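Asks: Under the heading N6-(pyridoxal phosphate)lysine, Swiss-Prot lists LYS36, citing sequence analysis as support. Positions annotated as active site, proton acceptor by Swiss-Prot: LYS36, TYR266. Positions annotated as substrate binding site by Swiss-Prot, on the basis of sequence analysis: ARG134, MET314.
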Amino acid sequence: MPISYNKASVVVSLQSIIANYRRIRTVAQRPMPVIKSDAYGHGLEAVGMALEAEGARECAVGTVGEGAKLRKAGFGADIVALLGALDREDAQLAASSGIIPTVLDIAGLERLAAQGTPERPVRVALKFDTGMARLGFTEHDVSALCERLRTLPSVRPVMAVSHLAVADDPTQSAFTMAQGAAFARIMAGLRSNFPDIMGSLSNSAATLAHPQLHWDVQRPGIALYGSNPLRGTALARHGEGLLPAMSVSVPVLQVHPLPAGRSISYGRTYTATKDATVAIIAAGYADNYSRALSGRGVAVAGGRRVPVLGRVCMQTTAIDVTDVPGIATGDRVWLLGGPGPATVSADELADLWGTISYEVLCLLGMNPRRHDDSVE
């Protein structure tokens, strides 16, 4: 549920997301933007509608319910629900909303078949496990699956999907290529029965750096939102030039001196070694600004980077503004993004947080949000 009780401000640049989509299209023939989990915190409906207007032929969401929400907002292109129809209610909703759910097992296939007819079959995407050991059929199930599908004219397989475990790590390329080979064998078996079925294997990293794994439809996710999935690797150049799409700011509650020798916040984990000035900002772990950033995080105040002092509290955090002249109550401080060269990226914040940019964006994006709609 979105956070509605604070004064944080999340601003999402749709123009940046579209620029990233255009960048991806220079290397991908048919990218299917992944906008699951509220578009990684960027706003499902706004992002989906902007991408459809830009020419996306389909988008991928997480759940059928998320897909129905997008459809209700007026999204007219195809929607693939990556978690599939989990129960009868989901199956009914997928059929009535024209959503393409993944199928993970025979029970799920039969659940969806009950909602279609030979004249109006429910379209499905067949999910295969090629190495994640997470969800879906295996390569050994292909023959029996095709045989069962031939007895169910009320469903129509239009796509087969699998997911890569380490496409972002070139030191494990052998595993990635083994997954690709397994998927190729799966597709050969499927196409001997369903010649028109499309294949979708590549995530952001593979979309950018492994064209041999593209198949018919590519599934960029984190790259759409400006994070380079290949950062820090020998393939990092393939993800350069992506634009961050989210900034998060909060107000200053109070500015006061912190004399040398005085501690601050819970646990007294920080004691000033010299006279300082601190600002208490309206952000804490209840606002999805992690307690893991205690004594580690940075923010942007007055165009300068400043450190977090002491422990992050539930709704407040202390920052050192000794070198930020004129800062006052009510001024905005950026936790993510920010004006000028001092901006904090999602990747950098994730490193300080001890996590990945996906989590940073999904969590901070739950705060009060607005969209910059200036898409060119």
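Cβ from N, Cα, C; glycine included.
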Asks: Using a Cβ-Cβ cut-off under 8 angstroms and a sequence gap of six or more, which residues of the chain neighbour TYR266 (active site, proton acceptor)?
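Replies: Sequence-distant Cβ neighbours: GLY310, ARG311, CYS313.
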Asks: About how far apart, in whole Å, are the alpha carbons (Cα) of LYS36 (N6-(pyridoxal phosphate)lysine) and ARG134 (substrate binding site)?
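Replies: The Cα atom of LYS36 (N6-(pyridoxal phosphate)lysine) is 18 Å away from the Cα atom of ARG134 (substrate binding site).
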Asks: Given the recorded positions LYS36, ARG134, and counting only Cβ atoms in the protein chains shown, which has the most within 10 Å of its Cβ?
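Replies: Ranked by Cβ atoms within 10 Å, first place goes to LYS36.
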Asks: Secondary structure at ARG134 (substrate binding site) (DSSP, helix/strand/coil)?
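Replies: DSSP assigns ARG134 (substrate binding site) to coil.
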Asks: Once near-sequence residues are set aside, which residues in the chain of MET314 (substrate binding site), 6 or more away, have Cβ atoms under 8 Å from its Cβ?
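Replies: Listed in sequence order: GLY284, TYR285, ALA286.
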